Amino acid sequence: MRGFPREVLESVWKIVDDVQSGGLKAALEYSKRLDGVAPEPHLVTPRQGGDPEVVSAALAAAKSLEALYSRISPPAAVDFYGGILRQILWKPVRRAALYVPARYISTLVMLAVPARLAGVEEVYVVTPPRGVSEELLAVAKELGVKAVLALGGPHGLAYAVFHMGVDVVAGPGGLYVQAAKYILSQYVGIDGIEGPTELVIYAEGVPPEVAVRGALAQLEHGPTSFAYLLSPDGELLKKAEELYVRERTSSMGPLKVKKVGGIDEAVSFIDEIAPEHLEVWGRREVAYRVRNVGAVSVNMPSPYLDYVAGISHVLPTGGTARWRGVITPLAFMKPIGIAEAVGELTLREAARKLAEYEGFKYHGEALR
C-alpha cells in the first residue's frame with residue numbers, strides 16, 4: 001500500500017483527533033455511526049465457549065506457530081572493551097494492541113503467539129463488534145489475551161493508543177485501519193502498513209491446476225489483490241490462465257502470467273516485485289535465492305502457510321518486503337544498550353577530542 005488518498009487521511013485524522021480528546025464517548029459514537037452499534041461492554045474478557053472444532057483448529061495453528069517461534073530469540077551481545085562492560089539487552093514492550101479483522105481468528109493466532117513469546121505483559125485484541133465471537137473469545141483466553149476491545153477501525157485503534165496506553169499496534173486491516181496505523185505511528189510502534197494480498201507463483205513440472213489453485217485462494221481476498229504466475233513452460237501458463245478465467249469470480253483480483261527463461265530471470269523478477277507471498281512448485285532452490293519476499297511456501301499451497309505451517313501470515317505488502325519481513329516476537333521487543341565502567345576508561349581522550357571538534361564544551365569537560 002503506497003500512500004493514502006487525501007480524503008482518507010483527512011477522515012482518519014479527524015477520527016483520531018476526536019477520540020484522543022473525547023475518549024470512550026467519542027469512540028462509541030463512531031462505532032454506532034460506522035458499525036451500527038455502540039458495544040456494551042466495550043472491553044470483553046476472554047472466556048471459554050464457541051464451536052469446539054473451530055477453537056481446536058485455531059489452537060492447532062497456534063501450537064504449530066509456537067513450535068517454531070519459540071526458537072526465535074534476539075542475539076546475545078555482551079562484550080568487554082576499553083574498561084567498559086557493554087551489552088545489548090532486548091526487552092518486551094509492556095502493552096500491545098493486536099488488530100484482528102472481524103471473524104479472522106487465524107489472525108489473532110498469528111499475532112498473539114509472537115506477542116506472548118516476546119513477553120508482552122498486557123495483550124489486547126482490537127476488533128469490530130461483529131468480530132467478538134465466542135470462538136474468538138475462547139482462543140483469546142487460551143493465548144493469554146487480557147481483554148478484547150469491541151471497537152474496530154480507526155476509532156478502536158485510537159482508543160487503544162490514547163486511553164489504554166498500548167506501546168505497539170500490529171495487524172492487518174483495510175485502508176482506513178492502515179491509515180490509522182500510519183497516523184498513530186507518531187505515538188506508538190507499528191509492525192508496518194499492510195495492504196492488499198500479493199502472490200507470486202513459480203511453477204515448473206506440475207499440472208496447471210496445482211499452480212492456479214493457490215492463485216484463486218489468494219485472489220479471493222478481493223479485487224485489489226493480485227497474483228503473478230511465472231514458469232518457463234508456455235503450455236502450463238496457457239492452460240493455467242484458461243483455468244483461472246473459468247474459475248474466477250467478479251470479486252477476485254487479476255492473475256498475470258509471465259514466461260521466464262529460467263530461475264535467474266524468475267528470481268530477479270520476484271525480487272523486483274517484493275511480494276507478500278511466494279509459492280514455489282517444482283524448483284525449491286527458487287525459495288532460497290529470493291531476497292525480497294514476506295514468506296515462501298514450497299510444494300504446498302499458500303493457504304497452508306496462511307493457517308498452519310507455523311509462520312505468521314502477517315506479512316509485508318506493497319513492496320515493503322524489500323526492507324521488512326514476517327512478523328516475529330522481535331516486533332514486540334526493543335534493544336537497549338548498556339555500558340558499565342568496570343575498569344580504566346581507555347578511550348576518554350578520544351571522546352573528549354570528538355566533543356571538542358563538534359563544539360560541545362560541557363561534553364568535553366565531563367570527560368576530563
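Backbone N, Cα and C atoms are what each Cβ position is placed from, and that goes for glycine too.
Note that this is a predicted model, so its numbers are computed, not measured.
Less than 8 angstroms from the CB of GLU276 (active site, proton acceptor) sit THR197, GLU198, LEU199, VAL293, GLY294, ALA295, LEU315, PRO316, THR317, ALA321, each of them six or more residues away in the same chain. What Swiss-Prot lists as active site, proton acceptor is GLU276 (among others).
The annotation active site, proton acceptor is assigned in Swiss-Prot to HIS277 (among others) on the grounds of sequence analysis. For HIS277 (active site, proton acceptor), the Cβ neighbour count at a 10 Å cut-off comes to 26, with all displayed protein chains included.
What Swiss-Prot lists as substrate binding site is THR197, GLN218, HIS221, HIS277, ASP306, GLU358, HIS363, and the listing cites sequence analysis. A simple way to gauge crowding: the CB of ASP306 (substrate binding site) has 22 other CB atoms within 10 angstroms, across all the protein chains here.
Per Swiss-Prot, Zn(2+) binding site is recorded for GLN218, HIS221, ASP306, HIS363, and the stated evidence type is sequence analysis.
Between ASP306 (substrate binding site) and HIS277 (active site, proton acceptor), the C-alpha separation comes to 10 Å. ASP306 (substrate binding site) falls within a helical segment according to DSSP. Between the CA atoms of HIS221 (substrate binding site) and HIS277 (active site, proton acceptor) there is a gap of 13 Å.
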